[in-house]
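A.B. asks: What follows is a structure written as structure tokens; I'll ask about it next.
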Amino acid sequence: MVAGSDAGRALGVLSVVCLLHCFGFISCFSQQIYGVVYGNVTFHVPSNVPLKEVLWKKQKDKVAELENSEFRAFSSFKNRVYLDTVSGSLTIYNLTSSDEDEYEMESPNITDTMKFFLYVLESLPSPTLTCALTNGSIEVQCMIPEHYNSHRGLIMYSWDCPMEQCKRNSTSIYFKMENDLPQKIQCTLSNPLFNTTSSIILTTCIPSSGHSRHRYALIPIPLAVITTCIVLYMNGILKCDRKPDRTNSN
């Protein structure tokens, strides 16, 4: 009987722990949050119980504190943060790159420390599309401008066109010149906050061959004229740069 009640209590404790995990009251890992430079971001705390004491920290440094109903913000966060005294959620305004870090919230009313990792991103620029001919194929590359250095590792690539190649999530794709080429292809860059798209017309990647064909076709014409002139001159029919003999036979 005792064993049965112990098992029941253990099951009950396990159920409570699972519920706490589900509702976010126990946090073993940092929740990833994304914000944009000069924007704002909120660390949401799932609590409906009014909190009398709250401490927010960035690593080991204090960010904001609520104690005895008195709110204080610290260092560079002064006049840039708002604390919801009911839930404990913290909002940071006018984000800068230096705000990026791990934040944690502590309160006697919450079982464990809440942790968040903030990524501060810059607006995503439009991609640059270039193309080149390589061994009978057209290579199209989608590139990020060199000056953009904000979390390149978070950027994903996607293509849009009716061909199989566009299903790849890579920085470059290839098209055979003998295939029916799509009129336009698009490349999209995306990260957790932004996406931008650029397009290119594939036919502009192929150099025009019409002028080269006419140029090469005209080459034999002057050669034929020169050859004919030489043959006629050698046979005495055409005399170049010679005046006729006007001496009187008398």
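In case you wondered, yes, glycine gets a Cβ from its N, Cα and C as well.
Look at Swiss-Prot and you will find Cys142-Cys187 tagged as disulfide bond, backed by similarity to another entry. Among the features that Swiss-Prot reports, domain 'Ig-like' is placed at 30-121. Marked as N-linked glycosylation site by Swiss-Prot: Asn40, Asn94, Asn109, Asn135, Asn169, Asn195. Summarising the annotation, Swiss-Prot assigns topological domain 'Cytoplasmic' to 239-250 and lists sequence analysis as the type of evidence. Swiss-Prot lists 216-238 with the feature transmembrane segment.
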A.B. asks: Checking the contact step here: among the recorded positions Asn40, Asn109, Cys142, which have a Cα within 10 Å of the Cα of Asn94 (N-linked glycosylation site)?
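C.D. replies: Near Asn94 (N-linked glycosylation site), where near means Cα within 10 Å, the recorded positions are Asn40.
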A.B. asks: Roughly how many angstrom lie between the C-alpha atoms of Asn40 (N-linked glycosylation site) and Asn195 (N-linked glycosylation site)?
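C.D. replies: Per the Cα atoms, Asn40 (N-linked glycosylation site) and Asn195 (N-linked glycosylation site) stand 19 Å apart.
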A.B. asks: Please list the DSSP helix, strand and coil residue counts for the domain 'Ig-like' (30-121).
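C.D. replies: With helix first, then strand, then coil, the domain 'Ig-like' (30-121) has 6 helix, 45 strand, 41 coil.
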A.B. asks: Tell me the Cα distance separating Cys187 (disulfide bond) from Asn195 (N-linked glycosylation site), rounded to the nearest angstrom.
C.D. replies: 10
A.B. asks: For Asn169 (N-linked glycosylation site) and Cys187 (disulfide bond), determine the Cα separation and express it in whole Å.
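C.D. replies: One finds 10 Å between the Cα atoms of these residues.
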A.B. asks: Using Cα coordinates, what distance in whole Å links Cys187 (disulfide bond) and Asn109 (N-linked glycosylation site)?
C.D. replies: 49
